[in-house]
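**Student:** One structure is given below, represented as structure tokens, and several questions about it will come after.
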Amino acid sequence: MNQSCGSSEDFRTYQHYLYAVVYSVILAPGLLGNVLALWVFRVYVKETKKAVVFMMNLAVADLLQVLSLPLRIYYYLNNSWPFGHHLCMICFYLKYVNMYASIFFLVCVSVRRCELIMRPLRYNAARRKWDILICALGWFFVCMACLLFPLLRNSHKFNIVCFAELPMRNLSPPGAWALLIIAELIGFVIPLVLVICCTCLTAWSLRHPASEAIPDRGEKRRALRMVLSCAGVFLICFVPYHITMPLDFLVKSNSLKNCALRDFVLRCHPITLCLASLNCGLDPLMYYFMTDEFWRRLSKHEIPDGLTFSRRMSCITGEDMQTGDTTETS
């Protein structure tokens, strides 16, 4: 780095302090919230069609990231990694699996809730099996694609550094740019367009009900809140990171020469990476405040293992919507 640019050691100290603080804040609520979410959703996964299977998988993705946070916190507090290269690569890998699995399942939740509002009669038991297949294919694709992140890193000769501080393998500029563009397009641009489209369509259905759409405006408002919350998590957590990621690549490849801009990127990119990890704590809040199955479960001390026939039918047909509206407005 240029002598007029900031010291690399100063930036390393800044990043380690930031990561240690943010990950420590996320750890407890992220762990408790996602474990609680899985406990709640296991009751409703067969009883309702409101994208619960996707939210369960989203909670699993978040939990995988949360379980790696204690080791990350240790590293950033102690400036050393004593746990070996393989465990370092696993934690590094889980970070990106969580990010892109979360993006995938947020899109799935948005699309499914929008579809259930626009075409509720087309969803049946066979479609629920398709949802399970979509989840399996999504996990396979994300896990395979994210293997590139650890594979593009070399091990450190003393095994004392980990994560993004590991040296990069040499790539030709065209190859590096091709990978970056593909990651931005498939992992960010296309999901962002889908989430925005689902939000607009759900909002549009409130004003222009189609013949096949759910007539209950209360249910539509709940669906809109869920889709808006997915869009909010997406915008807060993932948009900033995918804006600074190409800039960070330019800095680390020494393609960006302006020192003021380099320093700005090196200080902003860790913040956006922390925001990307924040989804582990925001997703359980989304479940609680936006999912009627979630707060209905928590509002009772216990629900019988076999839900009553009437409650099952209300979950499927939406006949309890009027009750839900009264509860919400009281």
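For all residues, glycine too, the Cβ spot is worked out from N, Cα and C.
Note that this is a predicted model, so its numbers are computed, not measured.
So TrEMBL lists these for the protein:
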- 17-41: transmembrane segment (TRANSMEM)
- 33-287: domain 'G-protein coupled receptors family 1 profile' (DOMAIN)
- 53-77: transmembrane segment (TRANSMEM)
- 83-109: transmembrane segment (TRANSMEM)
- 130-151: transmembrane segment (TRANSMEM)
- 176-204: transmembrane segment (TRANSMEM)
- 224-244: transmembrane segment (TRANSMEM)
**Student:** Considering only Cβ pairs within less than 8 angstroms, which of the stretches 17-41, 176-204, 224-244 has the most against the transmembrane segment (83-109)?
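**Tutor:** By the under-8 Å Cβ criterion, the transmembrane segment (83-109) pairs most with 224-244.
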**Student:** With Cβ-Cβ distances below 8 Å as the criterion, list the same-chain residues six or more beyond the ends of the transmembrane segment (17-41) that contact it, or say none.
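**Tutor:** Those are 52, 55-56, 59-60, 62-63, 65-67, 69-70, 72-73, 76-77, 270-271, 273-274, 277-278, 280-281, 283-285, 287, 293-294, 297-298, in sequence order.
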**Student:** Let me know the model's mean pLDDT on the domain 'G-protein coupled receptors family 1 profile' (33-287).
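**Tutor:** On average, pLDDT over the domain 'G-protein coupled receptors family 1 profile' (33-287) sits at 84.
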**Student:** The transmembrane segment (176-204): which same-chain residues, six or more beyond its ends, come within Cβ distance under 8 Å?
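**Tutor:** Here the qualifying positions are 100, 103-104, 106-107, 110-111, 113-114, 117-118, 145, 148, 220, 223-224, 227-228, 230-231, 234, 238-239, 242, 245-246, 249, 253.
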